[in-house]
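Participant: Please read through the structure below; I'll follow up with questions.
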Amino acid sequence: MKAKEEHKKYLKKLKLNTIKVIIIQITILVTFLILWQVLSDNKIINAFLCSSPKKVVDTIINLYQTNDLFVHVWVTLKEILISFGIGALIGIAFAAILWFSPFLSRVLDPYLTILNSLPKVSLGPIIIIWAGANQNSIITMALLISVISTIISVYVGFKHTNNTSIKLMKSFKANKFQIFTKVVLPSNFNTIISSLKINLSMTFVGVIMGELLVSKEGLGYLINYGSQVFNTNLVITGVILLGILTNILYFIILFIENKLKKEW
C-alpha cells in the first residue's frame with residue numbers, strides 16, 4: 001500500500017515537472033517574440049534585415065490567402081516522409097544484414113566510414129545529373145545524407161547487444177534469426193528510436209538542400225526565393241514554418257515511442 005502511494009507521488013511529481021518545463025518553454029518563446037517586436041518597432045534592430053513577428057504573421061496570412069502556404073508545406077512534408085520512411089527501412093534492414101554477416105560488416109566498414117564522412121552537399125550537382133532536376137534528386141539527396149548514419153548507429157547497437165542474453169539463447173539451441181528477433185531487436189528499441197530521431201533531422205537537411213538546388217516548390221524553395229529577392233520576411237517565415245514542421249514530426253515520433261514502450 002505504501003509502495004502504491006509512493007508511486008502515485010512520483011507520478012504526480014513527474015507531471016508537475018513536465019508542466020513546469022512546458023510553462024518555462026512557452027515563457028522563453030513569448031519573451032523572445034515580444035523582445036524581437038519591440039526592438040524592431042524602436043529601430044534598435046534593422047527591420048528590413050531582421051523582420052519582426054508581426055511581419056512574419058502577415059507573410060503567413062498572405063501565403064495562406066494565395067494558397068501557397070499549403071502547397072509549399074505539403075511538398076516539403078511529402079518529400080520528408082518519403083525520404084524518412086525509405087531511409088529508416090533501408091538503414092535498419094542493412095544494419096540487420098551486417099549483424100547477420102560479420103564478414104560482410106568487416107568488408108564494408110571502411111566504405112561506410114568514407115560515405116559517412118563525405119561532404120554530401122558537394123555531391124549535389126552529381127545527384128542532379130544522375131537523378132534529374134526534379135523531386136527524385138531531392139529524395140536521393142535526403143537519403144544519401146540520412147541512411148548511412150542510420151546504418152552505422154543501428155548496427156553498432158546490434159553489435160553491442162548484451163552477450164549474456166545471446167549466450168543464454170544459444171544454450172537453448174536458438175538459431176541466429178531467433179536470437180535477432182527475441183534478443184537483439186527488442187533490446188535495441190531505444191537505439192532504433194534514437195537513430196530515427198537523428199534520421200529525421202538529417203532528412204530535413206537533405207530535403208532543404210535539395211529544394212535549394214532544384215525545386216520550384218517547398219519551404220526550401222521559399223527560403224531560396226526570398227533570399228534572391230531580398231525578402232527577409234519570406235526567408236524567416238520559411239525557416240519558422242520549417243521549425244514548426246520539424247517539431248510536429250519529432251513529437252509524433254516521441255508519441256509512437258511512448259506507445260511502443262508501454263506495449264514492450
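The backbone N, Cα and C atoms fix where each Cβ goes, and this holds for glycine too.
Predicted automatically and left uncurated, TrEMBL annotations should be read as such.
Note that the structure is predicted; figures quoted are calculated from it, not measured.
Below, the features straight out of TrEMBL:
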- 69-253: domain 'ABC transmembrane type-1' (DOMAIN)
- 21-39: transmembrane segment (TRANSMEM)
- 80-100: transmembrane segment (TRANSMEM)
- 112-132: transmembrane segment (TRANSMEM)
- 138-158: transmembrane segment (TRANSMEM)
- 196-214: transmembrane segment (TRANSMEM)
- 234-256: transmembrane segment (TRANSMEM)
Participant: Report the listed stretch (21-39, 112-132, 138-158, 196-214, 234-256) having the maximum count of Cβ pairs within less than 8 Å of the transmembrane segment (80-100).
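Facilitator: The stretch with the most close Cβ contacts to the transmembrane segment (80-100) is 138-158.
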Participant: For the transmembrane segment (138-158), which partner among 21-39, 112-132, 196-214, 234-256 gives the most CB pairs under 8 Å?
Facilitator: 196-214
